[in-house]
Amino acid sequence: MSSAGESSDTESSSYLYQYVPSLAAAAVAIAIFAILTIAHFYRLIKQRAWFCIAFAVGGLFETVGYVGRAIGHSNKDDRDPFIVQSILILVAPALFAATIYMTLGRLIRATNGAKYSIIRVTWMTKIFVVGDVLSFFIQGGGGGIMASGDPEKLKLGEKIILGALFLQIIMFGLFVLASIIFHYRMRKQRTPQSYDPDLKWETTLYVLYAVSAIIMIRNIFRAAEYAGGHNGALLRVEWPIYVFDALLMALTMVIFYWRYPPAKQLKVCKSEFSIEVPRAQMVDASGRFKEEISPEAGH
């Protein structure tokens with residue numbers, strides 16, 4: 001009987017952790033992500049930046065995910081906390097990405113720069129967010145298969161997650177390309193709306209570049225992790241997930257909070273998207289724009 005029990009324990013350990021999760025590292029991650037998540041929820045509510053909700057929820061996923069790893073310290077073979085940490089930490093960056101995509105779409109509209117976008121602005125957010133949501137559910141499904149307890153399905157789950165990560169990497173690459181082209185064209189021939197000092201369109205773009213690059217590095221790491229398989233070097237030790245995932249995602253949250261999107265300026269009504277600039281509107285030498293009202297305007 002005892003030998004059968006030992007065999008069962010060995011089998012369960014084979015598809016869960018290959019090490020004892022660090023309680024101290026998990027506790028630090030929980031504290032950091034909890035503070036950052038509270039800060040993001042506070043800011044989005046204060047500024048009514050509802051398009052940033054997905055970002056804050058991503059922080060919540062990170063927090064709960066590392067709670068699962070903390071529980072795993074004393075319950076290494078408990079499947080439930082393993083599933084929680086595996087799925088939530090894996091899919092959280094997809095929620096960060098959703099807000100990043102929506103921010104670019106709103107920024108293009110707020111600057112009246114739709115003509116500078118390589119993707120039709122009415123489709124931009126839809127294309128990127130749909131791709132992101134698809135990646136989100138595929139990763140979640142793959143994580144669920146891996147954590148199901150069936151060793152035979154382990155490789156299937158790894159392949160599914162790997163495919164979703166590659167989809168996310170491709171979407172990020174296309175997003176960055178679209179951002180750079182829009183940025184170049186806007187700098188070459190700026191619209192009057194882009195001179196609004198409160199919009200800070202260029203600063204917002206630089207923030208999007210920074211957080212996109214960080215998430216891209218993280219996704220490449222996770223892709224390499226799953227490409228190596230369950231017995232690969234990256235899954236046999238714990239430190240890579242804190243260096244190449246937790247640290248990078250915390251940095252993403254810090255940067256995005258530090259240079260938060262100007263929510264008020266990005267709340268552009270749909271009817272405003274197609275408004276053309278009046279001919280009498282001009283930009284002065286100081287970079288501010290002014291309007292000269294024609295005599296016909298009052299009639």
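Including glycine, each Cβ sits where the backbone N, Cα and C put it.
According to TrEMBL, the transmembrane segment annotation covers 20-42, 49-71, 83-104, 125-148, 160-182, 203-221, 241-260.
If you count C-beta pairs under 8 angstroms between the transmembrane segment (49-71) and each of 20-42, 125-148, 203-221, 241-260, the highest count goes to 20-42. When Cβ distances are compared across the two stretches, the transmembrane segment (20-42) makes contact with the transmembrane segment (241-260), since 3 or more pairs at least 6 residues apart fall below 8 angstroms.
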